[in-house]
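One structure is given below, encoded as structure tokens.
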Amino acid sequence: MKKLVIATLGGALLAGSLNVYADDVEDAIEYRQGVFQAIKWYFGPMAGMAKGDIEYDAAEFTRRAEMLNQLSYMPEEGFIAGSDKGDTDALPAIWEDMDQFSAGFDKLQENTAALAEASKSGDMATIMPAFAEVGKTCKGCHDNFRD
Ligand code: HEC
């Protein structure tokens, strides 16, 4: 009887810890996708202004560029071990070459900082090259690391 209780308890504990693990992975995937959605939310209107679809507003563009720079520091920690499996478009290549993947975020941080700086000029001709670099950084990483 005692053994059975212990076995049951052990099983429950084990199931509990496995559940926690699954939740961690699920939470991490949701977290990073959520941050990328926030990145898109900030980036979208900037692209609209760059293309001339939305009227250029210098202060609003700068605010968005600064927020984008803040957000660029956030997704990386969501790529925890084991989170290559699940409801995700992240490719296994990330965990095979974490250094290169991580360098992509360094680049995003640098390029969004440069964009925030350029945006203070209030001059689209000055902003455009910095904006294009950020767009290239998104695409470069997606090409290599996103399904
Ligand atoms: C260093 C790599 C890297 C960089 C840089 C990067 N992304 Fe991503 N992005 C990813 C990966 C990997 C995923 C897949 C995440 C997942 O499904 O778990 C993703 C997913 C997304 C998604 C989909 C999120 C969802 O709801 O599933 C959007 C939108 C996105 N990125 C936008 C951007 C934009 C805009 C930029 C540039 C400003 C950018 N990303 C820069 C790697 C990157």
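Keep in mind that glycine also has a Cβ here, set from the backbone N, Cα and C atoms.
Sequence annotations record features per position, and here TrEMBL assigns signal peptide to 1-22.
The annotation heme c binding site is assigned in TrEMBL to CYS138, CYS141, HIS142. HIS142 (heme c binding site): 13 other CB atoms within 10 A of its CB, across all protein chains. DSSP gives HIS142 (heme c binding site) a helix state.
In sequence order, PHE43, LEU108 constitute the residues six or more apart from CYS138 (heme c binding site) in its chain with CB-CB distances below 8 Å.
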